[in-house]
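Annotated compositional bias 'Polar residues' per TrEMBL: 1-11, in sequence order. Sequence annotations record features per position, and here TrEMBL assigns region 'Disordered' to 1-31. The transmembrane segment annotation in TrEMBL covers 58-87, 108-127, 147-170, 182-201, 207-227, 248-272, 317-339.
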Amino acid sequence: MQKDGSSSEAPSNHLGRVRHRKRSSEVSQDANKTNGANLLVNDRNKYKSMLIRTYSSLWMIGGFIFIIYMGHLYIWAMIVVIQIFMARELFNLLRKANEDRQLPGFRLLNWHFFFTAMLFTYGRFLSRQLVNTVTSDKLLYQLVSWVIKYQMVICYFLYIAGFVWFILTLKKKMYKYQFSQYAWTHMILLIVFVQSSFTVANIFEGIFWFLLPASLIVINDIAAYFFGFFFGRTPLIKLSPKKTWEGFIGALGTTMFSAFVLANLMGCFQWLTCPRKDLSTGWLHCDPGPMFKPEYYPLPGWVPHWFPWKEVPIMPVQWHALALGLFASIIAPFGGFFASGFKRAFKFKDFGDSIPGHGGITDRMDCQMVMAVFAYIYHQSFVMPQSFSVEMILDQILRNLTFEEQQILYEQLGKIFQDRQSMLT
């Protein structure tokens, strides 16, 4: 009897796999047999796809520039919207409609964990900005201070509530699917929040530290596409058959040059270089610091005497930009290769279809997330001053002391200053 049962199930499973492979959103196996046939140089429809890709890219770049002009808070909102779209695409990736119909409310549990992770992540990164925004209102300040103080407890019990919710929804014959979805949900939270939270931290350190790395990824992607489009002959990696060594090397040179030039252009605008200490949207004015002040280097002796410039102004941040450009060209593309391998493992062409010619939001953000983490770590390690500053101490005071404790500290400091002045006189 068992033998007959297994033989009856085999054809149905086989047919299910055949139907599964024929979906338009997935990669055909014939396309993976040879790398040469997949190169853009040999693609007959490449000009049509290039026009679609270029058109959607121009719309995205235009919208991105407008949001940058609006300021830090709007960029943060854009990041949140991108995270929601990424989570939706990833949640749907391994979703099975038949099982979901038998588990009403199970999909809502994914979003419960998502927004709990959002509260935990942004509460940790933006507590200082939130406190600085509400300091003028005593009642609101006390409320916000209480929320920040007990934020980890709140997030923990929200997570425990989701955990208990998951246990109570376990259903017989659905255990494997439910536990796989539970693990997949946590993997999504790890991918989306752990990396993109660094993006938000970069924004409030100065839009420069968000805009430059993000721009370098875009430039590298565009340059690799066009160099591979016109000159690509040698396949780079089997995970992405259309990637070529010509595109990789051409993008490397273009990105390094762009990093050096863009750092100089962006460093001239205080709107991009000044850190934001609160959640307001007003214009910024600050001392850009030595990192954004040009240093003059004399030209070598072999330069002709008729050349009008004897010195070249270079900002110190331009040397740091070269490190960012090198990472964006060599390491960050492996985020895209990882995504390509993941899609091929599940036989999907794209994570979604929300961007014509590009696929889904996740398809555009794979390299950006890797770059955002590096930019944050690099800024904290090599750019941020390591010694204590007045701003760092004030940040700790506002974050850890209550309003009454801050008043006591203020009075004690006043007494110390009076005693020192009396000793000097």
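Cβ from N, Cα, C; glycine included.
Counted as Cβ pairs under 8 Å, contacts with the transmembrane segment (182-201) are highest for 108-127 among 58-87, 108-127, 147-170, 248-272, 317-339.
Sequence-remote contacts of a segment are chain residues at least 6 beyond its ends whose Cβ falls under 8 Å from one of its Cβ atoms, and for the transmembrane segment (248-272) they are 71, 206-208, 211-212, 215-216, 219-221, 223-224, 226-228, 231, 236, 283-286, 288, 291-292, 314-315, 317-318, 320-322, 324-326, 328-330, 333.
Remote same-chain partners of the transmembrane segment (108-127), defined as residues 6 or more beyond its termini with a Cβ less than 8 Å from a stretch Cβ, comprise 80, 83-84, 87, 91, 147-148, 151-152, 154-155, 158-159, 161-162, 165-166, 169, 181, 185-186, 188-189, 193-194, 197, 200-201, 204, 279, 399.
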